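K.L.:
The following block contains the structure, expressed as structure tokens.
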Amino acid sequence: MKKILFLLACAIACVYGERYCAMTESSTSCRNSTAGNCASCFETGDLIWHLANWNFSWSVILIIFITVLQYGRPQFSWFVCGIKMLIMWLLWPIVLALTIFNAYLEYRVSRYVMFGFSVAGATVTFILWIMYFVRSIQLYRRTKSWWSFNPETSAILCVSALGRSYVLPLEGVPTGVTLTLLSGNLCAEGFKIAGGMNIDNLPKYVMVALPVRTIVYTLVGKKLKASSATGWAYYVKSKAGDYSTDARTDNLSEHEKLLHMV
């Protein structure tokens, strides 16, 4: 495997440059040589030298990164999901700081073309960051849920039952919503969102909140077994508008609760 890696390094290395020997006692030593054996020495610059000495460390970091991206979902692990959210939050300020710093360095050495690219990158990053906050705040106004600030959340399912509001982040707007009741546990999209419920506690409508509007889903069918508190209820889109999912419950009819505006 090492031979293959060294040959690959030879293929992608620059023709002109220092020959860094990977077979010497010191991994950081280099020598000027005309040896043509790519298995012992390879043509390289700083990038290939870095990969040759830090490839294991980078492989471990990338494995962790892939694991976080692949399994950073609530259905797998809430802990990994939290790490993924933290990484995504930190990427915006880190990228913005790097582009600003690079723009400063390029301006100091009078490389104005690269300075322009750096300024453009910083501007785009800042605009995208502001757009994220605007959409998150709009979604939070409708749902009062901190899931609104998850960068991957584009919609939030809101279910009112037993005098409480339950929320579940979604990646998109569903055509229909199915609530499943299993031995008194209310589940949506495969997640348990409430417990200790019976068939009389199922809501007549549920809502899916987006940053710009709220979609109301009305109950159209259900099949329940009262003896075991088990069954399902299906909801379809009925209307959309500037509704709040956190409707007041004092002295309001069901229709007034539904039409309670933000």
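Backbone N, Cα and C define each Cβ position, glycine as well.
Annotation source Swiss-Prot lists topological domain 'Virion surface' at 19-47, 99-112, citing sequence analysis. Sequence annotations record features per position, and here Swiss-Prot assigns transmembrane segment to 48-68, 78-98, 113-133. Under the heading topological domain 'Intravirion', Swiss-Prot lists 69-77, 134-262. Summarising the annotation, Swiss-Prot assigns region 'Interaction with N protein' to 237-252.
Could you place the listed features in the three-dimensional structure?
P.N.:
Within the chain, the transmembrane segment (78-98) has long-range Cβ neighbours (under 8 A, six or more residues past its boundaries) at 67-69, 71-72, 121-122, 125-126, 128-129, 132, 150-152.
When pLDDT is averaged over the topological domain 'Virion surface' (99-112), the result is 87.
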K.L.:
Near the topological domain 'Virion surface' (99-112), which residues from the same chain, at least 6 beyond its ends, have a CB less than 8 A from one of its CBs?
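P.N.:
For the topological domain 'Virion surface' (99-112), the list is 118-119, 121-122, 125.
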